[in-house]
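Below: the structure, in structure tokens.
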Amino acid sequence: MQIESHYKKLTLLLVLVAAGIFTAATDISPLYVDPYKLEYPDYFGNRISIPEDNPTTKQGVYLGRMLFYETKLSSSQTISCASCHQQKFAFTDGKAFSSGIDNMRTKRNSMSLANLLWVRNFFWDGRAKGLEDQAKFPLNDPHEMGGYLEKAVKILQQTKEYPPLFREAFGTAEITSDKITKAIAQFERTLISANSNYDKYLRGEYNPTEQELNGMELFMNSPRPEKNIRGANCAQCHGTPKMYMELFHNNGLDTEPKDIGREEFTGMENDRGRFRVATLRNIALTAPYMHDGRFKNLDEVLDHYNEHIKPSKSLSISLKNVSNNLDGEKLGLTANEKSDIISFLKMLTDSTFITDPKFSDPHLKKVTTN
Amino acid sequence: MKKHFLLLGFLIASFTAGFTTSLSAQTPSKEAVLKVEGEVLKTLSISISDFAKMPHVEANMKDRDGKIQQYSGVPVIEILKQAGVTLGKDLKGENLTKYMLVRASDGYEVLFSLAELDPVFTNRVIILADKKDGKPLENGIGPFRLVVPDENRPARSVHEVSHFIIRFAKE
């Protein structure tokens, strides 16, 4: 009995000593990370993507937010993710094409960063799988942030502030490009927009106006002129409370697209001019519209769907011969109906999302280099 | 001086970029294939021409307007057998929690349980069609579409099928 307990003490001592040597040698401090609770409404569903090797933690999210707003990640030291993804525009930048370092223009329109937790294939053409992978693209792109990631790793390592933040989030103060993208991805997963008037309506807390209600009906319905049902068929692609489905469609912008979209990535002709169906959440804040920012406002978008769909081999069949008139070829919405749909789209603006201090620039004091 | 070099570099870069895009638009694009993967003994990648050589059967379904349409294609079960999916006498125990995810090239996805496809369980024959009225399927629908007879909504009769993915349902 006595001996046994002595053995126990001895083993405990040995374990402690070993652990001590191990931590000293590898600079691994025991991890005390707190899980970050991602809160979202049930109607978004739980088909979310969080890789097993990058759980969302309070420490990781905070570090990610610091990095999202960090201009030291760009070769010119002037561009951060937030240059092209500004909170007040629902994380877009109000431009048709964004400018990166040295004012070089991006090939496509900046995308809103909201409810990315449910997205699996990122970018307008779906070429990046997962947020960790996605973040490498702007960081390595010569036009966006100047391909500066490996140097930025060294620069951040020299700062006073960053090594401790990496230690808190990942257990060691050693900074790697992998940890940078992991932390940014954690922050991006927290960008959840679910408090618009439409959400309040779904929760039974908001009474829509007559225009909003009519716009909602039109948005959700497919037109059935033989049954006197009027509709705009938008929900066919932008349906579900998330206001998008992860589908790639050619929505009739061009017969011969200059930007071939998903075809460039898949090599398949039937993907010509196909782009990911964009979320319509906060859409009133994210002009100009489409992958090339060709439409200045929502009126132009509605005119496009109603009157200017361009035929092509890959045009989505959900946009072919869909009409409110018997045997019609065009959608055939009235001017009032178009404006009602816009009233509904404005219901998707979430003012708490664009003012939430959790998502704002955390660089209150300047980071100094040793 | 430095500015000029930058400009020159930029011009060359944009020229080559334009060049590669026009090149890729001219090179014959990839042929569509059907991929069968996941919980299979053998992953398959079936081309349009190989598919045409497989034994075909006919199947009917109603389109959105309620009109009966006749298609020709290969029973899904035959394709899954080629891939070595647990069917017939092997479709029991935990294998009954397996499903087939059907994915289209536009990203659309629907699901069937394996038992819904196996003639040991059901007489309904679901086919992957490559022809309608003897002709290849039209753009946006073919080259392969699922034909699921006797369903009130055609939502599972997926267009432009690109993948059959077999998986275990994980609770």
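Glycine is treated like the rest: Cβ placed from N, Cα and C.
According to TrEMBL, the protein has these features:
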- A:Cys81, A:Cys84, A:His85: heme c 1 binding site (BINDING)
- A:Cys234, A:Cys237, A:His238: heme c 2 binding site (BINDING)
- A:210-349: domain 'Cytochrome c' (DOMAIN)
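Checking each of the binding-site residues A:Cys234, A:Cys237, A:His238 against A:Cys81 (heme c 1 binding site) by C-alpha distance, the shortest gap belongs to A:His238. In the three-state DSSP scheme, A:Cys84 (heme c 1 binding site) falls into the helix class. Around A:Cys237 (heme c 2 binding site), the same-chain residues at least 6 positions away in sequence with a Cβ under 8 Å from its Cβ are A:Tyr244, A:Met245, A:Leu247, A:His249, A:Asn251, A:Val277, A:Ser316, A:Ser318. In the three-state DSSP scheme, A:Cys237 (heme c 2 binding site) falls into the helix class.
Ranked by how many other Cβ atoms sit within 10 Å of their Cβ, the binding-site residues A:Cys81, A:Cys234 place A:Cys234 at the bottom. Across the domain 'Cytochrome c' (A:210-349), the prediction's mean pLDDT works out to 96.
Under a cutoff of 8 A between CB atoms, and with a sequence separation of 6+ in the same chain, the neighbours of A:His238 (heme c 2 binding site) are A:Phe219, A:Tyr244, A:Met245, A:Val277, A:Thr279, A:Leu280.
When Cβ neighbours within 10 Å are tallied across all protein chains shown, the highest count among the binding-site residues A:Cys84, A:His85 belongs to A:Cys84.
In this structure the alpha carbons, written CA, of A:Cys234 (heme c 2 binding site) and A:Cys84 (heme c 1 binding site) are 28 Å apart.
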